[in-house]
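Visitor: Take a look at the following structure, please.
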């Protein structure tokens with residue numbers, strides 16, 4: 001589950017998308033110009049807000065936050081500290097949302113089923129982690145001793161890095177000798193040229209209509225084999241139909257040139273750390289079914305798991321931090337605007353599946369592997385080796401034996417856990433040998449498309465959705481505000497959820513101060 005963006009006023013219709021995806025700043029090179037387009041111009045301001053806190057209010061103001069994920073917890077902390085009375089309502093039996101860690105306390109190991117890594121430039125997340133006492137350790141993204149198993153060929157990563165042609169993709173002569181990432185970066189030259197010549201907004205207006213595949217094939221002119229190479233080796237094959245901008249974000253944040261950390265002991269320790277600084281009610285097992293607005297406030301009606309009747313909570317404002325799809329299961333009275341409902345319905349959510357296999361030993365260490373990933377064009381796709389061990393169990397091996405997205409993930413939805421275990425083992429045997437089969441002791445599977453609280457893994461825009469829906473997803477409607485990773489960029493990251501929460505909390509606080517008569521002019525939504 002990073003972008004850096006400036007406040008965009010609701011009146012700035014022309015900025016509809018500059019929203020964050022492309023919001024420009026001059027830089028010293030073409031590459032830096034494109035990088036600048038991917039950053040929030042208000043990032044420093046957001047970081048300053050969490051460090052300094054929001055201006056304190058003078059009157060009692062009750063805010064109900066729907067959802068106890070990272071966005072909800074972040075907003076709760078800011079609003080609580082500013083003097084608001086906060087209540088969090090969460091449908092699940094736990095906090096954290098898509099930060100979920102499976103823990104086998106009996107055997108002394110854990111596995112992150114959702115968010116698992118933090119890029120080095122996610123300063124807002126890292127500030128909270130430090131403040132909350134959450135420890136981080138390096139997440140090893142790349143290990144040269146891992147493997148590629150594609151086109152029926154098994155090769156060590158270091159041999160592929162030395163000679164990409166060894167994988168036998170039938171690329172054109174002009175494409176030979178280039179890695180998948182080099183091919184992709186070269187293909188972006190027309191986007192970079194557009195940014196340098198006309199700015200970020202012009203580039204967005206011109207290229208938001210393209211899917212990744214359409215751009216790479218029709219504009220950049222890559223061969224079909226180069227496309228297949230990029231899809232296989234950058235884990236983008238199943239994402240070729242999504243917006244070009246999403247692929248640019250993805251490769252900017254998930255690549256071997258970015259440094260990462262992970263939460264020591266499991267990512268769920270991060271949301272759990274908020275409990276030590278929050279003094280607000282958190283109502284678990286409480287599913288919001290209706291949000292009713294009036295001139296005097298809002299009424300949030302939720303159903304507790306053990307009760308048939310609804311319970312009403314009266315508040316001054318509500319902040320909805322669920323996924324866009326989960327929000328569709330709530331009744332809003334009066335109805336949300338047509339544009340808001342269209343955005344919630346239409347925004348594309350990706351699928352993601354993780355298959356965790358446990359072993360009686362860490363067999364990959366015999367191959368000289370610590371951390372990193374092996375890549376295959378078989379159903380497992382990406383295999384991640386752990387960057388940590390377990391103090392309570394020095395022998396157990398816990399492997400993310402398959403990490404898939406989009407259509408690669410959808411392929412796995414109908415299979416049982418046991419079937420997925422056998423599928424992942426078959427692929428591992430082809431890479432590490434038959435010996436691993438006898439070492440396997442168990443399986444844990446997480447299919448985010450089947451999660452009854454998120455209804456998907458994370459937002460991932462298709463062509464035109466940046467221009468059509470990005471601003472609308474964040475926009476408040478009266479006393480009802482919205483936040484979550486789907487309302488910020490880049491999608492899927494914990495910090496993006498936090499950035500949206502800071503913006504929403506700031507807007508709620510400004511609206512409260514306005515009602516106190518401290519400001520003369522209405523404060524529009526800031527994104």
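The backbone N, Cα and C atoms fix where each Cβ goes, glycine too.
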Visitor: Name the residue, out of 103, 117, 126, 156, that Swiss-Prot lists for the same substrate site as 403, 492, 493, please.
Guide: 117
Visitor: Tally every other Cβ atom lying within 10 Å of the Cβ atom of residue 37 (disulfide bond).
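Guide: There are 25 of them.
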Visitor: Please compare the recorded positions 58, 393, 496 by how many other CB atoms fall within 10 Å of each one's CB, and tell me which has the fewest.
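Guide: 58, out of the recorded positions 58, 393, 496, has the fewest neighbouring Cβ atoms within 10 Å.
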Visitor: Could you measure between residue 115 (FAD binding site) and residue 492 (substrate binding site) for me? Cα positions, answer in whole angstrom.
Guide: 8
Visitor: According to DSSP, folded down to helix, strand and coil, what is residue 393 (N-linked glycosylation site)?
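Guide: The residue in question, residue 393 (N-linked glycosylation site), is strand (DSSP, three-state).
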Visitor: Nearest to residue 393 (N-linked glycosylation site) by Cα, among 91, 117, 493 (binding-site residues)?
Guide: 117
Visitor: Can you tell which of the recorded positions 37, 117, 200 lies nearest to residue 496 (FAD binding site) in space, using Cα positions?
Guide: 117
Visitor: DSSP secondary structure for residue 115 (FAD binding site), reduced to helix/strand/coil, please.
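Guide: It is coil.
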